[in-house]
Amino acid sequence: MLQQNPSSPLHAEQFIKSSNSTPTATPAPASATATAPIHTVLATPQRPSSPRQFFERLYGHLETRTHNSESGDIDVGTHAETPYQSDGGSASSPDISISDERVSLVSFPSYELHAPTPDYSAYGAIANATLPPALSFPAFSADPHINAGFSAFLARRRRKEGRQRRQRTTFSTEQTLRLEVEFHRNEYISRSRRFELAETLRLSETQIKIWFQNRRAKDKRIEKAQIDQHYRNFVVANGFMSTIMGQTSYATSAPATSSAAATAAAMLGSSYYAATPALLPSTLVNNARRADVNYVDIEAQHQQQQQHHHQVHPDQQQQQQQQQQRRSRFVPPPTLINSC
């Protein structure tokens, strides 16, 4: 039977040829036939190996196992033996290395707020568990200064919770009324008067002193709120008046043609409308202005006549009537424009 070296390709070729060869008889040398009997050596038949076994024998020495021993990394190698049964009955069990790379786990600091009790053993196990870096909380850092400050805060909170809280003083209606009367007499109570009130109302001097302090603060808050309200009302009134004054100035600066156009539009029928001042002829605009001025003068004179009617002489009344008639002759009537 031939022996092979798996590390050299030449022996591999010889191994392939020998595995595919048929069993033959090996003749003895001629010198041996004369003196010794003939011994026939038959080669043991071999089945062809599987490709897996073949390449493992050829390149198995090149495979190296790498173990990464970094801090925090866990390399779990599971070795499974997979025996391969060939047709010839020879069992081979190559060692196959399977590396399972896991996510590196970083220990997370746990904080014990209170002393652990036996009932919370499960919670303690959860607190000591490790978390991946993606789930880390930046607020809880491992800085000793932050931990010391947090511990001091918890200690102050425990002391504050353990301290008995002072109860709020509740005054009766009679006590409140008596104190209000005294406050309206004088906002700052003297020591002798405070002692008398404490004896009368069955309160301590400290309670009466604090009540007067709170009452003065309340008066200041009310006074400030009233001042703010007056200021807001003043600002609103000024803004309203400025708005009104702005509208009045705009109305007085508007041309007199707008009033004439409005009068003409009010007098129009269904088939007539008032033209804009830009489209009206200059003569019509001038006539409208003169009519406006004359109308204002007539109204003013009429009011003056009513006021001084008992002082005016009959001759003067006739003269005024004649002047009004002459003015009415020169004032043309408003002209209407037909759009059809």
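Cβ atoms are placed via backbone N, Cα and C, with glycine included.
Swiss-Prot annotations:
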- 1-51: region 'Disordered' (REGION)
- 18-37: compositional bias 'Low complexity' (COMPBIAS)
- 64-96: region 'Disordered' (REGION)
- 83-96: compositional bias 'Polar residues' (COMPBIAS)
- 164-223: DNA-binding region (DNA_BIND)
- 300-340: region 'Disordered' (REGION)
- 314-325: compositional bias 'Low complexity' (COMPBIAS)
- 331-340: compositional bias 'Pro residues' (COMPBIAS)
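Secondary structure of the DNA-binding region (164-223) per DSSP (helix as H, G, I; strand as E, B; remaining residues coil): 43 helix, 0 strand, 17 coil. Summarised by DSSP class, the composition of the compositional bias 'Low complexity' (314-325) is 12 helix, 0 strand, 0 coil. Per-residue confidence over the DNA-binding region (164-223) averages 92 (mean pLDDT, predicted model).
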